[in-house]
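Participant: Structure incoming, see below.
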Amino acid sequence: MSQSKTAPKKLFIKTYGCQMNVYDSERMVEALGGQGYVETQSPDDADMILLNTCHIREKAAEKVYSELGRYKHLKAERPDLKIGVAGCVAQAEGEEIIRRQPMVDLVVGPQSYHRLPEMEAKAGAGVKALDTDFPEEDKFEKLTSRPKAKRGPTAFLTVQEGCDKFCAFCVVPYTRGAEVSRPAGRVLSEARDLVERGVREITLLGQNVNAYHGHDKGLAGIIRDLAKIDGLERIRFTTSHPNDMDDALIAAHAEVEKLMPYLHLPVQAGSDKILKRMNRQHTAESYLKVVERLRAARPDLHLSGDFIVGFPEETEEDFQATLDLVEAVQYGSAFSFKYSERPGTPAAERPQVSEDEKDDRLQRLQALLGRQQRALQDAMVGREVGVLFEKPGRKPGQMGGKSDYLHAVHVAGEGLSVGDLRRVRIVESGANSLKGELL
Ligand code: 5AD
Ligand code: SF4
């Protein structure tokens, strides 16, 4: 007698915030695969909805509550639908989430994802499940390994989590905990596995990735070992703190061909007074010195940064120092934010800058950064770059990919396939992307 197969359960997962959450979401999908779940793109037919949340700015947390509100009718129609909150809002708010939204079945902090399968079973039995511990064990080790299915040419790989820096505005040290590095052996075997499955570019992730200490030669050591893997063509890493940009890592930018010439190196502000109050533990000058050394190692390096405007007590003169620093660096891309008060962080206790001033400064900063970004993008015209093709372009016959410098590039390419890495001459600079021709 033939046995009827049970239909897979459907998991809808929505990811907010940083790339580390993107990586975590992938791993959670894999872990719940063991419970019979497959991913779906719509909450309407899901058996489980999981929000992988971000707590970095105030609006991010509020978004989670309003998103949960949108699922109320689904839960009313199908009471066995499981709803879970993961990520940094889960860590920070814990039980409060269930108090505010009693339909939530499980709340899981970023260090406890390996316990998701048990929690899912508990929720299935009608018991609310909450886990926001910082357990000793490595969650990635305990999560089931990635299945061997083929995948796209680029992948994230988390090597380090947590942060010990305690910038005065930031919740990360509280939500993600102290710095923990994954051992080099595990990182390398995961990388080899990814390459076997078709990955050609790996971005190493960590909240403070260049403080990585799972290899005896630090992040530079793991980069050099990764570069020896045949079939892996490109290596990137993010996000770095300027104080952890050591000599070995700077030298890697000169010597490791597979390490791409693009670096995200947040500075946050240009005024030493504000940097001190932010507890950044560096000055504008020491940041510029690091940039100078990096550019001496890799003259074509494109830099990207994060900026906060309107940090408590920031004056117009302080803000001007941020603009001066931006002028001095010339960024290839950047992310800028209005300071957002985070309860429990030291900066939240300080005198605040008005919303109007924050708006005005953000506009001025973004205008300057936008001009720089555009100028650097336009300067690519006529140059030859490597492009890794990731997906068909918008127009028929086109393929889209990323340059070594992380610019979006599209090419009219007969016979090009996803995963090809080719030399391309840039012929045009558009609003958000470059146009190239195959060489
Ligand atoms: N307000 C505004 N921006 C913040 N960031 C972190 N905390 C805050 C906050 N409280 C920004 C920083 C960091 C990026 C990930 O988010 O620029 O580098
Ligand atoms: Fe937050 Fe600062 Fe740590 Fe970055 S270095 S995660 S901004 S505390």
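Here the Cβ of each residue, glycine as well, is placed from N, Cα and C on the backbone.
What TrEMBL lists as [4Fe-4S] cluster 1 binding site is Cys18, Cys54, Cys88. Taken from TrEMBL, the feature [4Fe-4S] cluster 2 binding site applies to Cys163, Cys167, Cys170. The annotation domain 'MTTase N-terminal' is assigned in TrEMBL to 9-125. If you look up TrEMBL, you'll see 149-375 marked as domain 'Radical SAM core'. Look at TrEMBL and you will find 378-439 tagged as domain 'TRAM'.
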Participant: Using a 10 Å cut-off on CB atoms, tell me which of the binding-site residues Cys18, Cys54, Cys163, Cys167, Cys170 is the least crowded.
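Facilitator: Comparing Cβ neighbours within 10 Å for the binding-site residues Cys18, Cys54, Cys163, Cys167, Cys170, Cys18 has the fewest.
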Participant: If you compare CA-to-CA distances from Cys54 ([4Fe-4S] cluster 1 binding site) to each of the binding-site residues Cys163, Cys167, Cys170, which comes out shortest?
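Facilitator: Nearest in space to Cys54 ([4Fe-4S] cluster 1 binding site), counting only the binding-site residues, is Cys170.
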Participant: An 8 Å radius from the center of the Cys18, Cys54, Cys88 Cβ atoms defines the neighbourhood of the [4Fe-4S] cluster 1 site; name the other residues of that chain inside it, in order.
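Facilitator: Not counting the recorded site residues, we get Tyr16, Gly17, Met20, Asn21, Thr53, His55, Ile56, Ala60, Gly87, Thr175.
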Participant: Do you know offhand how many angstrom separate Cys163 ([4Fe-4S] cluster 2 binding site) and Cys88 ([4Fe-4S] cluster 1 binding site) by C-alpha?
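Facilitator: On Cα coordinates alone, these residues lie 13 Å apart.
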Participant: Residues other than Cys163, Cys167, Cys170 within 8 Å, Cβ to Cβ centroid, of the [4Fe-4S] cluster 2 site?
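Facilitator: Once Cys163, Cys167, Cys170 are set aside, the remaining close residues are Lys165, Phe166, Phe169, Val171, Val172, Pro173, Gln207.
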Participant: Hey, how far is Cys167 ([4Fe-4S] cluster 2 binding site) from Cys18 ([4Fe-4S] cluster 1 binding site), Cα to Cα, in Å?
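Facilitator: The Cα atom of Cys167 ([4Fe-4S] cluster 2 binding site) is 17 Å away from the Cα atom of Cys18 ([4Fe-4S] cluster 1 binding site).
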Participant: Per DSSP, how many helix, strand and coil residues does the domain 'MTTase N-terminal' (9-125) have?
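Facilitator: The counts are 62 helix, 24 strand, 31 coil.
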Participant: Using C-alpha atoms only, work out the spacing between Cys88 ([4Fe-4S] cluster 1 binding site) and Cys170 ([4Fe-4S] cluster 2 binding site) and round it to an integer in Å.
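Facilitator: Pair distance, Cα basis, whole Å: 12 Å.
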Participant: Determine the binding-site residues, out of Cys18, Cys54, Cys88, Cys163, Cys167, Cys170, lying near ligand 2 in the sense that the CB is under 6 Å from one of its atoms, and give them in sequence order.
Facilitator: Cys163, Cys167, Cys170
Participant: Measuring Cβ to any atom of ligand 1 with a strict under-6 Å cutoff, which of the binding-site residues Cys54, Cys88, Cys163, Cys167 qualify?
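Facilitator: Within range of ligand 1: none.
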Participant: Taking the Cβ of Cys88 ([4Fe-4S] cluster 1 binding site) as centre, how many other Cβ atoms lie within 10 Å?
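Facilitator: There are 27 such Cβ atoms around Cys88 ([4Fe-4S] cluster 1 binding site).
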